[in-house]
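Quick look at what Swiss-Prot annotates:
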- 1-20: signal peptide (SIGNAL)
- 21-477: topological domain 'Extracellular' (TOPO_DOM)
- ASN32: N-linked glycosylation site (CARBOHYD)
- ASN60: N-linked glycosylation site (CARBOHYD)
- ASN80: N-linked glycosylation site (CARBOHYD)
- ASN89: N-linked glycosylation site (CARBOHYD)
- ASN171: N-linked glycosylation site (CARBOHYD)
- ASN175: N-linked glycosylation site (CARBOHYD)
- ASN202: N-linked glycosylation site (CARBOHYD)
- ASN240: N-linked glycosylation site (CARBOHYD)
- ASN259: N-linked glycosylation site (CARBOHYD)
- ASN311: N-linked glycosylation site (CARBOHYD)
- ASN362: N-linked glycosylation site (CARBOHYD)
- ASN433: N-linked glycosylation site (CARBOHYD)
- 478-498: transmembrane segment (TRANSMEM)
- 499-526: topological domain 'Cytoplasmic' (TOPO_DOM)
Amino acid sequence: MWILIYLFIIWSSLRTWVTAVDSTTTVGDDLNETVSASVWPTMSPQMTVAFRSQRDVMGNLTIDQLPYVGLNLRRVLLNNETSMVNEGNNTRLLTLFKSMLSSEANAFVLDLEQYNNDLRVVDTTLLFSDVLTALQSFIFSTQNNLYANIIVLLLNISAPELDSTEYRHQNQTLNTTYILDKNLGNSFIYKPTDLQSDRAKNNTWNIYGKSSIDGWPTLGSVLYEQKKRLVIGELTDFFNETTAPYIFPHDVFHYEQGNSTLDCPSTVEGLTDLSSIHWRFLDSLFNSVDIKEYISCGLSPIISNSAYVNNVTQLADIIHEGSVWSWDSDQPSVTQSTSKSGSSSGTLEAYNCVLLYYFANNETVTWRVGNCYNSNIGLCRYENMAFRWLVRSNKATYFDFDSYQGSKCPDQYSFNIPRSPLEQRSFIAYMRNSSFSDTQIWIDLNSISVSNCWVSGGPYASCPYEKVISRRNFVTMMVPASVCSFALLCIVVYLSVLRVPIYDNRKNWRRVINKISKSELEGVPS
């Protein structure tokens, strides 16, 4: 019995310790996880952290202003020049498509044609339902705060060669709602009715602020509150609101092919005017150099490089260059710790804060991890104005620049960060007009609470993915359990070693009992 109690005490102590250790696990532990298929090059742990941190920084941007990097599937994969298509290997095509979804690409142009009251991918034997099933599988596997992101699916519909009466009849009998419901599920789709509802609730914004007329919801609202993952739009004029209520019409999107008619803005006024245009896509040929320039000009590139048609994985480098518009090539490091350490000179080090490096000679910027205890100037933004910046000349550590005691930013300004390529472009314009030389500037991004979890909101912002227990809280939690376990263990040892007096004098006690028994009368009293 005592052995069982002792084992229970040990088990309870170990369980408490394991629970505490598990709760201190950082986001870095999931860096080796992947939802990618083996066909497409998987993102490295560093790339995963960089891409996720960008997504989180853009959480308060509206979904129509996000920088998307996309693929024209007919040009790069689903066409009759591709060996897999010629072989009729639909399984490999779908596997490759799913692995593309796991890459940094988050917009896709898909060419469809009507086929026996159904939709089929042009130049293949794939049905639209097959693509939707693969898309559903990917969404299910990434439906969490770590991996979730918005996907844009743009449809080019080829009309059948029929007269107007037959065309109108087939268009009306094609039930796209049924196809989407059966193979994908409408709960993941952000629909036109959802946009109407958000605008009615005043939950939409444009560049000037809240707008119930032409505003769109933020990325954070769509992903985390509404749990939506997919926006479907049509680039042709095949459907209408009645035949395809889940699909946004073509006039919602600014979609161009070849060369862009939009100028690359260099002033605040030009940036504001460009931001008033929703969903800016450019379908063209790109390389790893010019795609970054198009991204910085506020366009979302759709890659149509047919030269890679038989080795589509070569596009991974181009997609990578377009997707990461913020961090430097070797950043952020995923091996740093949030603990304070002292260097040989006796100074504190904590490489968990982000510096924006501005290079005046070529007017470029990049983000790098820096020591939070170093003194640098910081970046401030004016209220909710997306393109109005101020760099403070007084230097401070990251902890002192924006602390509980107050911010180094002046009134009506707040410690901030460029949240998009356009905002970063406006910052470059500010630095150029202010004649700054090469400069390192604190921005509102750090991983102080949890390693590899980069968050905004000052030095005391918490990681949304992980509950953090500090060493002090860990000791506070463990001490009572340890003391109680030790006390119970002492009692068990004491009772197992020492005998109670009645047990030690058992023979004497039996002699006394026998003597008393002899003096008792036997029989029944008369």
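Even glycines carry a Cβ here, placed using N, Cα and C.
These figures come from a predicted structure and were not determined experimentally.
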Item to complete: Compute the C-alpha separation of ASN202 (N-linked glycosylation site) from ASN60 (N-linked glycosylation site), stating it in Å without decimals.
Response: 15
Response to the item:
Counting other CB atoms within 10 Å of each candidate's CB, the least crowded of the glycosylation sites ASN175, ASN202, ASN240, ASN259, ASN362 is ASN362
Discussion item. Name the residue among the glycosylation sites ASN60, ASN433 whose Cβ has the smallest number of other Cβ atoms within 10 Å.
Written reply: ASN433
Item to complete: May I ask which of the glycosylation sites ASN60, ASN89, ASN311 is closest to ASN362 (N-linked glycosylation site) if we compare their C-alpha atoms?
Response: ASN60
Discussion item. Could you check which of the glycosylation sites ASN175, ASN240, ASN311, ASN433 is the closest Cα neighbour of ASN60 (N-linked glycosylation site)?
Written reply: ASN433
Discussion item. So if I draw a 10 Å sphere around the Cβ of ASN311 (N-linked glycosylation site), how many other Cβ atoms end up inside it?
Written reply: 9
Practice prompt. With ASN433 (N-linked glycosylation site) as the reference Cα, tell me which of the glycosylation sites ASN89, ASN175, ASN240, ASN259, ASN311 is the closest one.
Written response: ASN259
Worksheet item: At the Cα level, what's the spacing in Å between ASN259 (N-linked glycosylation site) and ASN311 (N-linked glycosylation site), rounded?
Response: 25
Practice prompt. Based on Cα distances to ASN175 (N-linked glycosylation site), point out the closest of the glycosylation sites ASN89, ASN240, ASN311.
Written response: ASN240
Item to complete: Can you grab the distance from ASN89 (N-linked glycosylation site) over to ASN311 (N-linked glycosylation site)? Cα atoms, rounded to a whole Å.
Response: 15
Practice prompt. Note down the number of other Cβ atoms within 10 Å of the Cβ of ASN89 (N-linked glycosylation site), including every protein chain shown.
Written response: 14
